[in-house]
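Heads up, the thing below is written out as structure tokens.
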Amino acid sequence: MTQSRAYPPSSWLAAPWQRKFLRRRGEWGRRGKHSGADSLFRKISGRSPGGTKLSPSPGQTERCGEPHGQELLPDMGRPLLLPLLLLSVQTCIPGSWSLQCMLCQRTGKCQVEECAGGQDLCRTTILRIWEGGEELEVVERGCAHPEKRNRTLSYRTGMQIITLTETLCGTDLCNRPIPGRPSTFPRTRSRYLECVSCASSDLSCERGWSQSLQCRSPTEQCVEVVTHRSLEGSPRDEHHTRGCGKLPGCPGPTGFHNNHTFHFLQCCNTTKCNGGPVLELQNLSLNGLECYSCEGNSTHGCSSEETSLTPCRGPMNQCLEATGTNGLGDPSYTVRGCVTPSWCQSLHVAEAFSLTHLNVSCCTGNGCNLPVQDHQPRMGSAPRPGPAHLSLTATLLITARLWGGTLLWT
């Protein structure tokens with residue numbers, strides 16, 4: 001395949017898995033098209049999960065729940081029976097109840113991963129690039145947070161078609177690849193919805209150079225995904241993607257914005273309904289609500305000095321405060337801003353900001369998302385980039401976070 005020059009957008013409406021692939025996108029052309037998925041399948045470990053099995057003494061048959069030396073109990077007194085039973089039950093409980101998933105990197109290295117707390121699903125994330133009959137596939141596998149959902153997104157950029165897919169499951173090693181299953185670009189003779197497609201990776205959205213894209217599933221809709229990020233000390237991240245997809249949040253609109261971040265998704269199901277000028281936050285009308293805005297913890301990013309009011313726009317007519325644990329282990333990472341009602345559930349917040357163990361609340365009064373302990377925030381102050389932004393940049397397709405993020409990597 002000719003070396004690709006256009007790649008998926010560096011963010012996908014808060015999709016961390018996409019960013020992971022993009023960090024090393026220059027490696028794709030150097031490795032060649034067979035170095036990704038083929039080596040992944042060859043290096044999968046066939047080891048099945050298993051716990052430590054209790055072994056009885058020689059010549060003795062022992063069952064879980066049957067205490068050692070039970071025949072001595074009558075002489076020792078009945079009051080000792082309950083403590084001994086409890087002790088025996090404890091020895092029969094496995095050391096960990098964590099889910100196990102296959103962890104596979106783009107390089108093809110795979111191993112069994114024990115998922116961290118708050119990650120109750122296994123994921124398989126696939127990126128396919130198709131151009132002129134040639135195909136490149138990149139696969140990643142690992143753990144995911146329980147709010148994630150299956151998703152797809154396809155779009156055109158230049159002469160390429162990019163397809164991002166993420167599937168999830170909830171049993172041990174359920175994301176292990178199945179030998180013999182074909183791994184090819186999805187082709188169909190059926191004619192489903194036709195959508196407008198463009199991407200910021202070749203500036204086709206910004207320049208109005210849209211193409212037509214045929215959806216490959218009857219469940220897909222025409223989608224528009226927007227992600228803007230502008231933080232002090234961090235490079236500006238601004239992306240538009242239009243195409244076909246089945247994303248959490250459809251039909252939408254689903255969105256979030258504060259003083260430095262804008263995530264937006266809208267979907268429709270008629271021919272080329274996602275056309276027209278690209279969506280910009282400043283072009284959305286003010287809706288009269290003001291919410292406090294910040295991203296970070298109480299000392300860096302969301303301190304009272306760094307928290308400011310921002311006027312809300314468009315359908316984002318509620319104030320959000322969300323607190324959770326970010327990818328670097330900060331247990332009190334906070335996000336505040338204006339949201340659509342759908343963001344008051346944990347799904348989009350978790351994917352957009354790589355957070356687990358979330359506590360999300362929304363309200364509808366001006367400035368109602370300011371904690372009681374915060375006093376006299378400064379108007380117009382801009383937060384500094386915090387650990388969650390580094391985690392977002394380091395994590396993708398997920399973004400495939402696919403929207404949300406997901407869109408799609410946690």
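Including glycine, each Cβ sits where the backbone N, Cα and C put it.
Model, not experiment: these values are computed from the prediction.
Mean model confidence for the domain 'UPAR/Ly6' (99-188) is a pLDDT of 87. Annotated domain 'UPAR/Ly6' per TrEMBL: 99-188 (among others), in sequence order.
According to TrEMBL, the feature domain 'UPAR/Ly6' maps to 193-282 (among others).
Under the heading domain 'UPAR/Ly6', TrEMBL lists 289-383 (among others).
Taken from TrEMBL, the feature region 'Disordered' applies to 27-69.
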Secondary structure content, the domain 'UPAR/Ly6' (99-188) (per DSSP, counts of residues): 0 helix, 49 strand, 41 coil
Counts of helix, strand and coil residues, the domain 'UPAR/Ly6' (193-282), according to DSSP: 9 helix, 41 strand, 40 coil
